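Chemist: I have a structure I would like to understand better, so I am pasting it below and will then ask my questions one at a time.
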Amino acid sequence: MRRVTVLGATGSIGRSTLDVMARHPDRYELYAATAHSNLNELFSICIKHRPRYAILATDAGLAGFKKRLRDAGVSTEVRVGVEAMCEASSASDVDVVVAAIVGAAGLVPTLAAVNSGKRILLANKEALVMTGRLFMDAVRRHGAELLPIDSEHNAIYQCLPEAGQHLSDMTSLAAYGVTRVLLTASGGPFRHFSQQQLQQVTPEQACRHPNWSMGRKISVDSASLMNKGLELIEACWLFDLTPGSVQVHLHPESIIHSMVEYVDGSILAQMGNPDMRTPIAYGLAWPERIDAGVQPLDLFSIGKLHFEMPDKERFPCLRLAEEAFSLGGTAPAVVNAANEVAVEAFLQGDIRFVDIPVVIEKSLLKGSIVDADSVETVIEADRVARQYASEAINELAGGVVVP
């Protein structure tokens, strides 16, 4: 029996994780579940899965939540704050930590799991984007077992030889004959929109992803291609690659989740229906395979698969992410922070969709990029970038009528 802490249990990744775990009650037990603000969903999780701990980001609604659990006869202990999340990630009773908190908020509890040498199912790409080498050095130093569960990175992982799957190893993938990684992207709902059409899109349109069921923030990131930019940075750190050896392909069907090219001309691809339970089940059970509850892929009904090159002129977020990785240091943390602030402003109706990359670029140009030599340095860069992004949004919002 493996005990699992799920950071971000009420989000789409967290719910998918719990669905897979519930299919295998003889293998997995929920140790702790964390939530930001969705207390109703966390209450349902406590009723169904009976975790030892339920952890809230803040004490908002704490008393009422505790009372609901008591009235329901649930003995789950309720705790609050980042420190409690870190303890749930590093507890000696915990075998697996699912890092599914969206954004920079997931960094500290994810690093707590790394520093405790846990098996970490990494969905929180921002933690790795922000800290890069610091994160991977900690994985190696503490003997953590890192398994990516972003569908694309999990696909790359599955296409590697067994010897190349040990991400704590310093060996370059070139030693295993890998020449290129082909990172796929759906292209989002605006793939064929003109620049004029992009100026008119609404948050509701941006959140309607054509293939995946995701949260609002990541749906907007997918629509802007920033999600793919962050994933490119994540792939470079996870697999010790350069941006030149990672090629982004738009693949609107979202059936091939990524590919790995080898020196002999072979390309291995991981395929499947777009359902996050597949990579989650892979991470939970690795090196075994378990039922994820996902429908088998019917290639006859699909018929054709399509590929396109991304347009970095219409979708400059991908270019900005690439530039941030090339700049190095705290630049990726700056881009990530500015994007989080800009996306929230777009969702609130304060700026247009096309203003998101403008805010990011202004923040990147204004910020002082320094060596990411400590977590504290990265967190400070994140804080300052958020301030710059807010200033840029205030400037833009002054003369913008948002549809």
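Placement of Cβ uses the backbone N, Cα and C atoms for every residue, glycine included.
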Chemist: Among E77, E83, E231, which is the one Swiss-Prot gives for the Mn(2+) site where D150, E152 also bind?
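Modeler: Looking at E77, E83, E231, the one Swiss-Prot places in the Mn(2+) site next to D150, E152 is E231.
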Chemist: Can you pick which of N38, N40, N227 Swiss-Prot lists for the same NADPH site as T10, G11, S12, I13, N124, E126, G215?
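Modeler: My reading of Swiss-Prot gives N38 as the candidate in that site.
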Chemist: If Swiss-Prot says K125, S151, E152, S186, S222, N227, K228, E231 bind 1-deoxy-D-xylulose 5-phosphate, which of H142, H192, H209 does it name for the same site?
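Modeler: Swiss-Prot names H209 for this 1-deoxy-D-xylulose 5-phosphate site.
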Chemist: Taking DSSP as the reference, which of helix, strand or coil describes G11 (NADPH binding site)?
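Modeler: DSSP call for G11 (NADPH binding site): coil, neither helix nor strand.
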Chemist: About how far apart, in whole Å, are the alpha carbons (Cα) of N227 (1-deoxy-D-xylulose 5-phosphate binding site) and E126 (NADPH binding site)?
Modeler: 10
Chemist: Could you check which of these binding-site residues, S12, N38, K125, H209, sit within 10 Å of D150 (Mn(2+) binding site), going Cα to Cα?
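Modeler: Near D150 (Mn(2+) binding site) by Cα: K125.
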Chemist: If the Mn(2+) site is taken as the center of the Cβ atoms of D150, E152, E231, which further residues of that chain fall within 8 Å of it by their Cβ?
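Modeler: Filtered neighbour residues, in order: K125, P148, S151, H153, N154, L183, N227, K228, E234, A235, S258.
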Chemist: Return the residues near K125 (1-deoxy-D-xylulose 5-phosphate binding site) by Cβ distance under 8 Å, restricted to its own chain and a separation of at least 6 in sequence.
Modeler: D150, L230, E231, I233, E234
Chemist: Given that the record lists T10, G11, S12, I13, N38, N124, E126, G215 as binding NADPH, what is the largest C-alpha to C-alpha distance among them, in Å?
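Modeler: Between the outermost Cα atoms of T10, G11, S12, I13, N38, N124, E126, G215, the distance is 21 Å.
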Chemist: To the nearest Å, how far is the Cα of I13 (NADPH binding site) from the Cα of E152 (1-deoxy-D-xylulose 5-phosphate binding site)?
Modeler: 14
